[in-house]
Amino acid sequence: MTYGYYSHGKSHGYTHHSHSGKGGYGGHNHYGYGSHNGHHSNHYGWGGHSHNSGHSGKGTWVIYCGVKVFIPYCPPAKPYPKPDPKPDPRPDPKPDPIPDPKPDPKPDPKPDPKPDPKPDPKPDPKPDDKDEDCHDCKDSDKNPDNHFGGKDHNPGNIIKGQPDEDNTIHGTDKKDTIRGTEKDDVIHAKDGPDVIYGGDGDDIIYGDNRGDTLYGQNGNDKLYGGNGNDYLNGGAGDDIMVGNAGNDVYYVQQAGDKVIEKAGEGIDTVRSEIDYTLTDNVENLILMGLNNLNGTGNSLDNIITGNAGDNHLKGLDGDDTLYGKGGNDILDGGEGDDYLDGGTGCDTYVFDLCYGHDTICDYDQDTGNTDVLQFGEGIKASDLTFSRVGTDLQIHANDEDSITVTNWFKDNAYRIEEFVFTESNTTWDSAAIDKAIGSYGVDSTAYAATAQDQIQQQTQTQGIL
């Protein structure tokens, strides 16, 4: 390729000849540099030279494109594009500072909350009509106007008789509280565990089948329970109380009170403030108050419980259970296999021929008390034999009758201090008893019975008496 350069411009008064040659591929390339004011001549050829004359001036490139071919004005070669200048690196903009978190604004102080209004107290739920057991009965703390100062907290429907008239009053099928008048009233309970007060007058009160509480109050009243578990309290006067079916409780205050029960109509109990003997078909007796009272059973298997006074308790026939509780009590089980527990105090246990096999539990830690085992006229001292079974002492009077004193060999608190023989008017103290029993000793811990521990020893009564 041959190329040259010329310039045009203002003349400077001199001529410039330029001989130049430059090797190419297999030939010469001649080019010259010249300038004139508007006129120029270019000599060119393969291996030739270029003669240029003129005047210097501002030059212009002429490009020869191809061999021996003159192209006056080829498209100007585009220079290698310069990359866009990189902008001055700017520092990373600083993030906007995070403002310190503002504390949560304190809420305006709330006024002290007013307490929620208390709801009106709801009445105690009424007992289920299907419940056979009256919840307000049996001398509980909630029994109305009883001798324990209780109050009925669920009176149910209140039904009152008309004053100055003889009334026949009927309850409803729900729980009712029915009050008679000062006259002679006839009051009928219906379904529901009702509480009925006869008031003054000689009243007749009929319970029903859901366990009723019947108070005769003043007058000579007649109280009839229904088929539920009823509570009958005649109050003042000579009253007749009939429980009918169910496990009924009678409260007796007067000697003229009568309790009537039929056989097979439940397990019934008399609570008595006076000396009392159980009538037929009544199983249990509880002595109330603090007075010294006597309580006597019947031919059934009775449970007789004393009070804090000095009680004389007799079981009579049947397998009875007698509890003396407080006081200096006399416990006489009678015939049958009885259980006797004197409780605290100086207690006496009575035993005789044909009494069966009785058990005595005499636990009293008061060393100043003296408990007595009194043998009836049918038993002599020479009739007795003793044996140890575990921690218990067994006393045999003959082949038919025996007494077991529980835990005799475990702790002195279970021991009986004196044996009294009515037939000979003789008393054995503790030393004589120990001599008669023999040298079994007293265990400080529980003792397991074995066959060889059941040793019988005939007492040497001649040496003791």
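Just so you know, glycine gets a Cβ as well, placed from its N, Cα and C.
Note that TrEMBL annotation is computational and uncurated.
What TrEMBL annotates here:
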REGION    80-194  region 'Disordered'
COMPBIAS  81-154  compositional bias 'Basic and acidic residues'
COMPBIAS  167-193  compositional bias 'Basic and acidic residues'
DOMAIN    396-431  domain 'Haemolysin-type calcium binding-related'
Per-state residue totals over the domain 'Haemolysin-type calcium binding-related' (396-431) - DSSP helix, strand, coil: 5 helix, 12 strand, 19 coil
Residues in the compositional bias 'Basic and acidic residues' (167-193) grouped by DSSP into helix, strand and remaining coil: 0 helix, 10 strand, 17 coil
Across the domain 'Haemolysin-type calcium binding-related' (396-431), average pLDDT on the 0 to 100 scale: 94
